[in-house]
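Undergrad: Submitted below is the structure of interest, expressed as structure tokens.
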Amino acid sequence: MTDHSRGPRLRSPLRGPWLTSVFGLVLLIGLPVVIVTGLLSYIAYGPQFGQARPGDVGWLHLPYFAWPTRPSWLYRLTQGLHVGLGLILVPIVLAKLWSVIPKLFVFPPVRSPAQALERLSLIALVGGALFEIITGVLNIQYDYIFGFDFYTAHYWGAWVFIAGFVTHTILKVPLMVRSLRSRSFREVLRTSRADTRPEPADENGLVAEDPTPATISRRGALALVGGGAALVAVLSVGQTTGGFLRGAALLLPRGRSYGNGPNDFQINRTAAAAQITPEQTDDTWRLAVAGGAEPVQLSRSQLRAMPSHTASLPIACVEGWSTVETWTGVRLRDLADAAGVTAFASAKVTSLERSGAFNQAVLTADQVRDADALLALEVNGAELSLDHGYPARIIVPALPGVHNTKWVQSIEFREA
Ligand SMILES: Nc1nc2c(c(=O)[nH]1)N[C@H]1C(S)=C(S)[C@@H](COP(=O)(O)O)O[C@H]1N2
Ligand SMILES: [Mo]
């Protein structure tokens, strides 16, 4: 007989397999979306060029494919879902943890090899989930405050979590289905606090042995948790929708500085932070294009004399925020032609910036050849501001924000 009496006296009449299973079902639907979009983000970073982080993941590497350029809002959607849904599910993760607290105090803690495996998977599941939430939230709140690389930690933490999640799902889905069938959801929504009774005693010991009278109904508890998730949603979506909700986007404060007029949209890294000097961006600036028979140097007026193209494209940051602006500049494929480049497999873009981790990016041939892939000189009909990458920046449909390099110095078309 399992002894549940050693822990604190947990007497809420709401705890039970049904309530746990309701939270479990929501997470079973939502978390795979967070997992898959997270893994897609890793692939979108271009691991084939060694520019995803961590760079070398050994035998655990994912099947790579060239990240497409269409639809142009693809990364905006996948990464918005990853961060947005990840945040929205936090109250539900916490509610689910609350609902299973009695299991922490089961004694003896390990009774059989099968149960030891279950407990181990729980450590991976709970530890992994909390680790991913904490590293993810800290990354969008602060600029790289870790002593370790965020991407590396979040990536490996994800695999620990995925292992726990898959094992737990396999072990628990039958119990979840049975528990959900044990009472009708509609009935719960019609039951007031006064009529709220504990669930029948269960073999897992979730149901309290001597419950107190209900201080909140089940529907009240569900509304509370759902309300928490809705509040998180309201506090997050503004970074993507813009408009009046922008001021409420307390949970995604990165891209916190904004420019003026046509340049009034999120700036992740200012020119000052990137230590871009006035001498680097004055009239002596030249774009170096390599990969043809001879390297070519183009001044800004020469770029302006080339055929110009305008496209409405998003910047979508790994941190979840995104914004759509109208960009004007020279098509990257026209630049390749102008430099006499005939065949290429990739293009390496390098910034004037010397210090940062994001001062270069490699683009695939498909990304370069897209009709909307630009070396942008203007945004929303005005000159690019220094903070948005003057004299020129990369802007490519569906490219992760991080690879839309600002303050471009050179583009090298490569055969590999
Ligand atoms: N040179 C350089 N380019 C850069 C960055 C950077 O740090 N240095 N940050 C990137 C990131 S992470 C994003 S999301 C976008 C943000 O562009 P914005 O500041 O114009 O909104 O620029 C990208 N280009
Ligand atoms: Mo970003």
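Positions of Cβ are set from backbone N, Cα and C atoms, glycine also.
Remember, TrEMBL labels are computer predictions, not curated facts.
Note that this is a predicted model, so its numbers are computed, not measured.
Found this in TrEMBL, in case it helps:
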type	residues	note
TRANSMEM	21-45	transmembrane segment
TRANSMEM	81-101	transmembrane segment
TRANSMEM	122-142	transmembrane segment
TRANSMEM	154-177	transmembrane segment
COMPBIAS	191-200	compositional bias 'Basic and acidic residues'
REGION	191-210	region 'Disordered'
DOMAIN	277-415	domain 'Oxidoreductase molybdopterin-binding'
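Thinking about packing and proximity, how do these listed features fit into the structure?
TA: With a cut-off of 8 Å between Cβ atoms, the residues of this chain six or more beyond the transmembrane segment (21-45) that come close are 51-53, 62, 64-65, 67, 75, 78-79, 81-82, 85-86, 88-89, 92-93, 95-96, 99, 155, 158, 161-162, 165, 169, 172-173, 175-176, 179-180, 185, 222, 225, 318, 399-400, 402-403.
Outside the transmembrane segment (81-101) by six or more residues, the chain places 7, 10, 14-15, 19-20, 23-24, 26-27, 30-31, 33-34, 37-38, 41, 126, 129, 132-133, 136-137, 140, 206, 221, 225, 228-229, 232-233, 236-237, 240, 251-252, 319-320 with a CB less than 8 A from a CB of the stretch.
Tertiary proximity for the transmembrane segment (154-177) is limited to same-chain residues at least six positions away from its ends with a CB under 8 Å from its CB atoms, namely 17, 21, 24-25, 28, 31, 35, 38-39, 42, 53-54, 57, 60, 117-118, 121-129, 131-132, 135-136, 139.
For the compositional bias 'Basic and acidic residues' (191-200), the residues of the chain that approach it from at least six positions outside its boundaries are 13-14, 16-19, 182-183, 206-208, 211, 214-220, judged by C-beta separation under 8 angstroms.
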Undergrad: Hey, which bits of the same chain come close to the transmembrane segment (122-142), Cβ under 8 Å, at least six residues off its ends?
TA: 83, 86-87, 90, 93, 97, 150, 153-154, 157-158, 160-165, 167-168, 251-254, 319-320
